[in-house]
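Straight from Swiss-Prot, the features:
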- 1-92: region 'Disordered' (REGION)
- 9-28: compositional bias 'Basic and acidic residues' (COMPBIAS)
- 35-54: compositional bias 'Basic and acidic residues' (COMPBIAS)
- 82-92: compositional bias 'Basic and acidic residues' (COMPBIAS)
- 135-486: domain 'mRNA cap 0 methyltransferase' (DOMAIN)
- Asn144, Asn145: mRNA binding site (BINDING)
- Lys148, Gly177, Asp201, Asp247, Met281, Phe282, Cys283, Tyr286: S-adenosyl-L-methionine binding site (BINDING)
- Lys180: site 'mRNA cap binding' (SITE)
- Lys186: site 'mRNA cap binding' (SITE)
- Arg213: site 'mRNA cap binding' (SITE)
- His285: site 'mRNA cap binding' (SITE)
- 333-351: compositional bias 'Basic and acidic residues' (COMPBIAS)
- 333-365: region 'Disordered' (REGION)
- 352-363: compositional bias 'Acidic residues' (COMPBIAS)
- Glu410: site 'mRNA cap binding' (SITE)
- Tyr478: site 'mRNA cap binding' (SITE)
Amino acid sequence: MAGGADLDEPPRQSDSTTDRKRPADSTHEIGSADVPRDRAGNKTYDISKLEPARKRQRSKSPSGEAAPRKLKRPGARATISEADRKAARERALERERLAREAATADEERQQINDVVKAHYNAVPERGRDWRKTDSRIKGLRSFNNWIKSCIIQKFSPDEDHQPGRGGGPSILVLDMGCGKGGDLGKWQQAPQHVELYVGMDPADVSIDQARDRYRSMSSRGGRGGRGGRGGGRGPARLFEARFHVKDCFGEPISDIDIIRQVGFESGPHGGGRGFDVVSMMFCMHYAFETEQKARQMLKNVAGALRKGGRLIGAIPNSDVISTKVREHNERMVEMKKKQAEAGDGSKKDDGGDAEEGELDEPEVEKSAEWGNDIYRVRFPGKTPEDGIFRPPFGWKYNFFLHEAVEEVPEYVVPWEAFRALAEDYNLELQWHRSFKEIWDQEKDDRTLGPLSERMHVRDRNTGELLVSPEELEAANFYVGFCFYKV
């Protein structure tokens with residue numbers, strides 16, 4: 001039948017070409033002659049006839065190619081020399097020693113802080129009448145108060161302030177180390193009206209007494225102090241005051257609400273807002289216990305001041321201290337020289353050795369000390385031969401002032417080192433005088449001269465100075481200063 005396959009014809013055998021084109025999943029791969037298919041033409045498998053997958057064998061690593069690991073003989077010592085081990089031990093011991101010394105120093109500093117705080121908390125408040133009549137150092141008290149009034153009168157006003165004109169801007173004052181509030185009356189009589197006064201001190205009892213003094217002034221209608229420039233005016237409106245127990249040298253003051261409200265700029269270029277004046281009278285020397293404290297103090301000052309604000313204060317005179325220390329050391333050198341020259345002959349003429357039980361003990365070298373019946377300065381340890389304190393921190397001495405200070409530890413403030421350090425915080429020196437120089441320059445001022453009479457520094461009729469030579473010597477232990485924030 002043309003065009004079709006004969007039904008009786010046997011199936012054709014496949015040639016080689018057809019075998020090569022057979023798909024890879026043919027029955028030859030699974031060991032069966034033919035692969036059954038379903039109606040759709042898909043392959044079907046008999047699971048029982050499938051062979052399991054062959055397990056893959058890993059190739060073995062060649063043996064003997066890598067060198068065997070060299071084992072350390074038990075008990076063998078590391079390849080470190082005895083000198084290295086000794087140096088390591090010495091470094092460890094040195095670290096331990098430094099850690100002990102640091103801990104001891106921290107403990108001593110805390111003890112000193114506690115001593116100072118306890119001392120000022122314990123000083124009784126005797127009242128103005130006692131200070132004017134019964135105090136043995138009433139002349140010194142009056143003189144120092146007049147000096148502080150001079151500094152406040154001269155440097156608390158803004159540069160563009162015009163005396164005698166009311167209604168001008170008021171100033172904001174931060175008093176670090178305010179103590180019992182002894183300067184509240186002086187600020188009430190400041191040439192430029194004070195709007196806000198913030199007093200801080202680490203001694204809690206002193207802060208309580210400052211609050212009491214402020215309440216007393218408030219009850220008197222703001223009267224306090226003895227007047228200053230324009231002292232003939234009536235009593236001004238009493239300024240607002242806040243008091244806080246705070247160590248302004250050992251910790252930041254920016255956590256105090258009123259400080260943040262006024263404005264605190266911690267950056268070097270701040271100064272848009274802040275206080276007009278920061279005052280530190282007879283207290284800043286405590287900051288020079290360590291460099292860390294001195295810098296913290298200056299950070300607080302610079303952060304609290306606005307640009308153009310003033311830092312005023314009074315501190316011990318480092319020039320006087322250096323001179324006294326140098327003179328003491330020169331005397332000690334001369335004394336040792338004389339002892340050495342006379343020592344051999346005096347011992348040979350004794351005629352024999354020391355008696356049984358006696359010891360020839362070397363003479364203990366005296367530390368630097370000076371003063372009079374009113375005040376005394378004593379260094380507990382060795383001082384620099386040339387009187388120059390290097391480094392400028394941590395030079396402790398004990399200070400005594402009759403009726404006021406009982407052997408309290410204080411610290412030298414080397415003036416040039418302080419001035420240079422202040423420049424790092426944009427504080428530029430404007431004025432620096434000893435108390436004697438201040439008296440000589442301001443005693444005849446048309447305002448400050450009469451103020452000295454009202455404050456009983458000199459006699460109103462005769463002009464005689466009502467301060468003894470001993471009190472003047474004690475007063476000249478101090479200097480006043482003023483810095484501007486630039």
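Cβ atoms here come from the backbone N, Cα and C positions, even for glycine.
On the structure: features taken from Swiss-Prot.
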residue : record                               : Cβ within 10 Å
Asn144  : mRNA binding site                    : 22
Asn145  : mRNA binding site                    : 21
Lys148  : S-adenosyl-L-methionine binding site : 20
Gly177  : S-adenosyl-L-methionine binding site : 25
Lys180  : site 'mRNA cap binding'              : 21
Lys186  : site 'mRNA cap binding'              : 24
Asp201  : S-adenosyl-L-methionine binding site : 26
Asp247  : S-adenosyl-L-methionine binding site : 20
Met281  : S-adenosyl-L-methionine binding site : 25
Phe282  : S-adenosyl-L-methionine binding site : 19
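Listed in sequence order, His285, Tyr286, Pro316, Lys396, Tyr397, Asn398, Phe399 are the same-chain residues at least 6 apart in sequence whose CB falls under 8 Å from the CB of Glu410 (site 'mRNA cap binding').
In the compositional bias 'Basic and acidic residues' (82-92), the DSSP tally of helix, strand and coil residues is 11 helix, 0 strand, 0 coil. Looking only at the recorded positions Tyr286, Tyr478, the densest Cβ neighbourhood within 10 Å occurs at Tyr286.
Long-range Cβ contacts of Cys283 (S-adenosyl-L-methionine binding site) within its own chain (separation 6+, distance under 8 Å): Met176, Gly177, Gly179, Gly313. Between Lys180 (site 'mRNA cap binding') and Asp201 (S-adenosyl-L-methionine binding site), the C-alpha separation comes to 9 Å. Put simply, Tyr478 is the one of the recorded positions Lys186, Asp247, Tyr478 whose Cα lies nearest to the Cα of Asn144 (mRNA binding site). The average pLDDT computed over the domain 'mRNA cap 0 methyltransferase' (135-486) stands at 90. Counting every protein chain shown, the number of other Cβ atoms lying within 10 Å of the Cβ of His285 (site 'mRNA cap binding') is 20.
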